[in-house]
There are 6 protein chains.
Amino acid sequence: MTFARPSGRTADQLRPVSIQRGFTRHAEGSVLISFGETRVLCTASVDNKVPGFLRGKGEGWVTAEYGMLPRATHTRSDREASRGKQGGRTLEIQRLIGRSLRACVDRGALGERTITLDCDVLQADGGTRTAAITGAYVALVDAVNGLKARREIKRDPIFGAIAAVSVGIYKGVPVLDLDYAEDSDCDTDMNVVMNDGGGFIEVQGTAEGHAFRREEMNALLQLAEAGIAQLVQAQRDALAG
Amino acid sequence: MTFARPSGRTADQLRPVSIQRGFTRHAEGSVLISFGETRVLCTASVDNKVPGFLRGKGEGWVTAEYGMLPRATHTRSDREASRGKQGGRTLEIQRLIGRSLRACVDRGALGERTITLDCDVLQADGGTRTAAITGAYVALVDAVNGLKARREIKRDPIFGAIAAVSVGIYKGVPVLDLDYAEDSDCDTDMNVVMNDGGGFIEVQGTAEGHAFRREEMNALLQLAEAGIAQLVQAQRDALAG
Amino acid sequence: MTFARPSGRTADQLRPVSIQRGFTRHAEGSVLISFGETRVLCTASVDNKVPGFLRGKGEGWVTAEYGMLPRATHTRSDREASRGKQGGRTLEIQRLIGRSLRACVDRGALGERTITLDCDVLQADGGTRTAAITGAYVALVDAVNGLKARREIKRDPIFGAIAAVSVGIYKGVPVLDLDYAEDSDCDTDMNVVMNDGGGFIEVQGTAEGHAFRREEMNALLQLAEAGIAQLVQAQRDALAG
Amino acid sequence: MTFARPSGRTADQLRPVSIQRGFTRHAEGSVLISFGETRVLCTASVDNKVPGFLRGKGEGWVTAEYGMLPRATHTRSDREASRGKQGGRTLEIQRLIGRSLRACVDRGALGERTITLDCDVLQADGGTRTAAITGAYVALVDAVNGLKARREIKRDPIFGAIAAVSVGIYKGVPVLDLDYAEDSDCDTDMNVVMNDGGGFIEVQGTAEGHAFRREEMNALLQLAEAGIAQLVQAQRDALAG
Amino acid sequence: MTFARPSGRTADQLRPVSIQRGFTRHAEGSVLISFGETRVLCTASVDNKVPGFLRGKGEGWVTAEYGMLPRATHTRSDREASRGKQGGRTLEIQRLIGRSLRACVDRGALGERTITLDCDVLQADGGTRTAAITGAYVALVDAVNGLKARREIKRDPIFGAIAAVSVGIYKGVPVLDLDYAEDSDCDTDMNVVMNDGGGFIEVQGTAEGHAFRREEMNALLQLAEAGIAQLVQAQRDALAG
Amino acid sequence: MTFARPSGRTADQLRPVSIQRGFTRHAEGSVLISFGETRVLCTASVDNKVPGFLRGKGEGWVTAEYGMLPRATHTRSDREASRGKQGGRTLEIQRLIGRSLRACVDRGALGERTITLDCDVLQADGGTRTAAITGAYVALVDAVNGLKARREIKRDPIFGAIAAVSVGIYKGVPVLDLDYAEDSDCDTDMNVVMNDGGGFIEVQGTAEGHAFRREEMNALLQLAEAGIAQLVQAQRDALAG
């Protein structure tokens, strides 16, 4: 058979996933997640304030920021703090992370507080945004559990679990969880965010080379569903650990 | 039957589409496109330079910028030039427009020149990014036809047509081409970019309320396919006009 | 006779003026004004707040912002939102528009609200700032009439009318309402803002080539007075229409 | 007679003018100019480069920058460097200074070099921009004389002299050279830039309170002409000193 | 003897110091200080507000800003206001000035007001930050004396005096108060801030060439102590004057 | 005995130091250094270019950037990339790191290449800048060893070793290597950078409370010398490992 992934994985195989809770000590939730060589530090910080547009409404907010250390990548990229602004890619990703995590939060139950999810990529090898979402969920749960333990909230504001994975068409074959070698040489790249009930939260597919057809999209979504089921299990195992 | 769209349209009905070429006189392509009350001015500007990363490679570039006049919307929003930066939503949309249009351009045939597509929303009523993509395609073709007429390029760098439409689940029913009233009250919102061969270029679906299921996604994509076929026809009619 | 304007106009002839009210639907006032090929969209937005320095004083505020679509001009200019700041010319013009319009407003009668006049140039052919002032006046009146109709204000805060025109010395001859071809090749360029009582609000004259003499200035002001009388009539006609 | 200026000056009287050359040692021209209590340090710096748009054309450039020390004024204003941008007033003034001084320079004779005029207000009491222009002219001449002395240029690029003064209508009376007390309480404020041949370079008049009439404008211009004649003499005396 | 300083001074000799109070008229304290050819204008501005982190605590604040006129130096440097940000060197120096001056202020006795020390270099010849600190102290005392004279404060918030000087190793010899010629060619450069009781407030030493040894450091500190004693005396003389 | 450090350490005791090389995989040098609970990721990136001021001189450059993850600290601080600029503290620290490391590099031997040291604080507990310098040295050596192994440079550009430690006066007692609890409650805080020959590279001492005396400074420097000797040994062990 002629098709082979650079990593030797089968088409429907995730990279090894590791989720390490309590990676740093100050944050209310702190998770180092690895999808293979991609490593993202996800922290959840609780603040007893909400943005202006929510003040006085009795609702909370969940938001995210994303960053990449300058040398997380093969060649050094400029530090955004030094350039004086966050690039379009960064803003797009952090908006995606925030929207995705809000999809499992009952903001009334959270009360007037903000949870900020900082996702900082220590090492990049493809799939940093999907790793970030998957890890941020665990950090978020840890932060919320702290609020519950300190009896600052009464009802659990989190319903279900959220995880994300990328899929794509590499050398004509739909594959799961693209690494950098595949990502930079694929025809279609799709990021899928789902909940643990099998519902879709976000689907973002881009034809890098050829336009993709409905049946290819179906194959990709099927791979994503199976991958996300495994990621949700990894989240559960980590939270139980 | 109890379901009704605010506009009285059927679920699979586009808003009236109008495409006016030559709306302004200086640009190589200048199109005012309306999707109902949404009106976007799309201009194509040709420059005989390429960005640094392409210099000397014999290839061209197509890029886009997106803006919204401060009072295009119900309430005035701050002018981005005055705030000193483009917001995340703006950057995300202009990246989408640029990627979408590059999907129909043979950059080798374009030669070392850049075509910039400026999409400025004069009036917003939902679907500004899909109107922008659909209109920008026509402006791009006009600009390229000018290059061909002046014999600055030999081969036609444009293959196929690109159009975009939004679909969503409004009060439980999949509908085509959401207007603002629907957009601000829907469960799922999806922007679909396709070519005239029925291939997908971009699919961006977001669960605003509940997660959406695969069969809902299928229904939405089917609506989008039908809508885009009509938009491609409207583009052809305008270009023939 | 050897003197001829590029447009064939006589020295004291305005370009065709058109003032279209209700050009967009969300703003409290929305006017598309044309001075020949120069087209500016002027919207007036009412906000029930005032800047900090006026808070609690029972007075209103009128301010303006000015922008130029990137391809309103012969060659594309950078988008100010993307460059991250408004240029000196933009700031200078929007300060001029705001000062000029405040000259016909009784800010006590307006009450603690701000009216923002956004003047966005869709197509430029010289005289964008004077067209902007002339059109913004009409948008301002429409917005104020709305406040009166809704009985939000008791007294009419607008006294008189404000209009503006450029004059200059082109090939040695004082001419009215310079278009781009004249503007880029003239010796003296002067923008004049007046009220309908024949009083001067602003006079800004610049010697581009030779210094100008008092008698030239007098000739220019006389042209401006006649031109502004016609513009004030065009405003009246539009508001009566 | 009931009219009195706060300073006790007659209506057509300048404040005491002092022009001190060589105030600092590094600049090619360095002038501290005082119009009464207004003190501006004007330096001229020569650089053997021109901006991009002039490169290779054999012409020079003269440009200006304007700043105000934070506590030059009655109450401290924010430092523009710290706020991260120059305000509209600053940009407007430095554009005016640059345009005014270019009006006496033969840029071909200057050759491919840039002279930057930095005008920094050490103490403000009205009329900072007119003092800046008047002082910058002297600094410019000193810098050019240095170039001539070192035989870096052959022809004198400076023709004529440039000076500026403000005039205004204070308590109904046209007065020359407004100080801060008058400036903040006047009806009309006009800045006039002229050359030593009695030609106008810039006229910028603003109605602060009532609109002004043509005969008032004539009275103001007459005052300005007389004032500028004295300022040109003061420049000559300083340069001869 | 072979060692000679470019200025002909002995190793332990300060440049001539001059402290001119009341240099400008609006600020509550305004001092022009010269260390030889280095001239810095230091103003103290009193504001009856404190930064957010101190509000309601009954304490005052002392802060500093530092700037350099573009042509204070041998070659013109860009204006920070125009570049849009203050450089690292500027921020570092203004933080140092603020910290140093706060070391002699009882912020409770000052009450809820902020004193801002603006230090603007008119002419630079080395040692601008030490001149700034030494001059800012005098401006601060003048501002506080004004508050006392107007009985706005009861207790004197200033204890002791603060002055600063640079020392360095020039051609192998420890010297006091480096001028630009020495500063740009020295092995070690140290800025020392002390109070009039002989206590150290700040010591910042940098090896420019070779690392320095403890005994060199001791020699430098000894020079600094002697120099600062003279500067404190100059401050006293100025304040008595 | 009444004196006790919060951590229970003796006055002259460092926190446990750990230096982990190869922490991430893309950088030419990548070191995770811990001083107790302070953890800094230091990467060295080699680029075959130099800044403009060095171009064509045959010399290399070493520079540093410093960042703190938003939740490295007890309470979340704003992300500098999102605020749009690096703060004064950040700029000050990264200038210090760069200067310190350049003190052990023969820039001629390095050749025309730049090594950028990115020091990103993952977790902060006092002493982040001294940990950064100490760790960055190891990353720098790894990067240079790579250049030597690939025979891109001939001579070793690194002479000696550089390490840094903080010292301070805590409750009246001079102590080594302050942690956060001590740092936020100390009288004097001093950062000392030395080389392995016992020479000083940088000394930055600040009186937070009382001014400090020469004998206190001597005691602090003595502690620093002993601490740095241990850190240099830890660097050697790590590089040998």
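In case you wondered, yes, glycine gets a Cβ from its N, Cα and C as well.
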Annotated companion of A:Gly127, A:Thr128, A:Arg129 at the phosphate site, TrEMBL, chosen from A:Arg79, A:Arg83, A:Arg89, A:Arg155: A:Arg89
Output field, phosphate shell: CB within 8 Å of site CB centroid, site A:Arg89, A:Gly127, A:Thr128, A:Arg129 dropped: A:Tyr66, A:Ile93, A:Val121, A:Ala124, A:Gly126, A:Thr130, A:Ala131, A:Ala132, A:Asn191
Largest separation between Cα atoms (Å) of residues that the record links to phosphate, namely A:Arg89, A:Gly127, A:Thr128, A:Arg129: 13
Site with most surrounding Cβ atoms, counting all protein chains shown within 10 Å, from the binding-site residues A:Arg89, A:Arg129: A:Arg129
Three-state secondary structure, A:Gly127 (phosphate binding site) (per DSSP): coil
In the chain carrying A:Thr128 (phosphate binding site), residues 6 or more apart in sequence that have Cβ under 8 angstroms from it: A:Thr38, A:Val40, A:Met68, A:Ile93, A:Val121
Helix, strand and coil residues within the domain 'Exoribonuclease phosphorolytic' (A:161-226) as assigned by DSSP: 17 helix, 30 strand, 19 coil
Count of other CB atoms lying within 10 Å of the CB belonging to A:Gly127 (phosphate binding site): 26
Tally of residues which DSSP labels helix, strand or coil - the domain 'Exoribonuclease phosphorolytic' (A:13-143): 42 helix, 41 strand, 48 coil
